[in-house]
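Presented below is the structure to which this report refers.
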Amino acid sequence: MSVLFLLLAITRTASVKAAEGDQAADFLPLCEAWQATKALANAAYKLPPFPPDLTDILNFNITVAPEEWKAIFTDGGSDNTWERFAEGHKNTLNGGNWKTRWEHIKQARQDTKEASSPWNALNSKLINTATVNTTRAYIASIADEAFDLYQGTQTPLQTPKALEAASLAEAAKAILCSDPLKPTADGQACTDITATPSKAATCPTGRSSKGGAPIGLDTVCLCSTNKPSMHSRRRKAAAVMTDGQLKDGILKKLLAACPKKPTLNEPAAAARHAVTVLATRLAQKVARAEEGQIILGTRAETDCASSGSACVEYTNFFKDGDGLAAVPWVKKLLAAADFYDTIEKRKESDKNAATAIAALKSALIREFRRPGQEQTLATTGTKSSSPQSTQQKASEAEANCNDKAKETECNSPCKWDKEEKDEKKRCKLSEEGKQAEKENQEGKDGKANTTGSSNSFVIKTSPLLLAVLLL
């Protein structure tokens with residue numbers, strides 16, 4: 001805010017009488033915009049790599065999975081694809097889709113199938129084999145949640161249309177430079193004015209054409225004039241023209257007179273600050289410009305391209321009602337600032353996802369160390385009973401059958417045994433019922449979770465049945 005008041009004070013003094021350094025306040029916002037653009041050009045975004053913590057989670061998950069499930073992924077060859085598997089198991093998959101996970105599960109199986117593998121050498125001792133059956137579903141739910149977090153980081157960022165470039169680095173080149181100033185290879189500068197061309201042939205003239213294409217050319221045209229009173233002592237010799245000819249290498253010399261650092265360190269904020277100060281300067285100039293011209297600087301002759309003027313004209317952008325945001329370099333600079341903010345937010349989101357995946361791995365390892373049947377679900381913080389053993393479930397089913405005292409009540413999966421001496425046990429669980437109960441329980445143990453998510457590690461049928469179908 002103090003900078004803004006200072007610039008306003010400079011403006012009011014200049015409006016009374018042109019003096020040495022009159023254009024300094026008009027020059028500074030261009031300096032700020034130049035420096036902010038260079039800082040924005042350095043910002044880039046890459047999709048994060050596959051997290052090592054997620055690799056460990058998937059490896060733990062496949063290690064505790066039923067053997068029938070492991071068999072699906074044991075073949076690490078290129079022919080073992082999701083598409084091939086899905087085509088052969090349309091009915092048993094029941095809408096499940098592992099396409100994004102398939103290759104990662106295959107890799108997890110390759111990492112763990114040999115007992116002497118490097119991963120097993122480091123991690124197998126963490127697995128509590130005594131509680132595998134009770135932890136299996138919980139570990140799989142962690143794998144699901146962790147993989148979903150990773151998938152959320154894999155959507156490419158789309159550059160905004162207003163940027164008119166594929167990256168901030170490419171956008172910066174257009175913001176800083178245009179003919180006759182070409183961007184350098186690194187995008188951090190422009191080639192300079194050479195061979196002293198005329199200002200009238202190089203700078204935009206009058207209302208028939210517009211300034212504002214790049215910052216570099218606006219800077220050259222603003223500061224190139226034949227009147228020494230328009231410049232500070234530091235730039236007087238460098239910028240003062242003779243015979244209306246621009247000075248050789250003038251852009252580099254002008255930029256050397258800019259402050260070494262922008263007012264604000266954060267690039268997007270610095271860019272918006274530069275545009276705000278520029279808008280303030282233009283607003284102060286309207287009252288003293290003829291016929292409502294919108295100019296940056298001071299017009300001394302017919303237009304800003306004349307040798308006696310030190311200005312850049314933006315009238316046409318305001319005449320059409322679009323205002324400062326329609327000036328090409330301003331429009332692109334603001335779009336670049338917005339995209340920079342998007343990149344920073346995405347980086348923070350990716351960092352949070354990595355932290356959450358690491359926390360899930362820690363929860364997984366704690367679960368291996370915790371005895372007992374009761375599991376705590378990481379996603380909700382609520383408790384649910386872990387899958388009971390096959391033997392327990394079979395015993396419960398047998399007891400349910402035994403409760404049937406009459407043959408007419410003893411229906412499938414129970415079977416009436418009239419030869420049984422114990423009258424209380426004549427209705428008993430059939431062999432088919434016992435097998436169904438076993439397969440049902442093994443299916444629960446082999447699932448990643450019990451939600452039925454279509455893109456999870458769940459095959460919506462018994463892994464044992466799937467293994468049979470693969471044969």
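Even glycines carry a Cβ here, placed using N, Cα and C.
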Next item on the list: Would you mind checking which of Cys401, Cys427 shares a disulfide with Cys410 in Swiss-Prot?
Entry: Cys427
Checklist line | Per Swiss-Prot, the disulfide partner of Cys414, chosen from Cys311, Cys401 | finding: Cys401
Notebook entry, point to check: Which of these recorded positions is closest to Asn133 (N-linked glycosylation site) if you go by CA atoms: Asn61, Cys401, Cys410, Cys427?
Noted result: Asn61
Notebook entry, point to check: C-alpha of Asn61 (N-linked glycosylation site) to C-alpha of Cys414 (disulfide bond): distance in Å?
Noted result: 36
Margin query: I'd like the number of other C-beta atoms within 10 A of the C-beta of Cys401 (disulfide bond), please.
Written below: 21
Check: What count of other C-beta atoms do you get within 10 angstroms of the C-beta of Cys414 (disulfide bond), across all chains shown?
Finding: 21
Item checked: Distance [Cα-Cα, Å, rounded] between Cys410 (disulfide bond) and Cys401 (disulfide bond) -> 7
Checklist line | Count of other CB atoms lying within 10 Å of the CB belonging to Asn133 (N-linked glycosylation site) | finding: 19
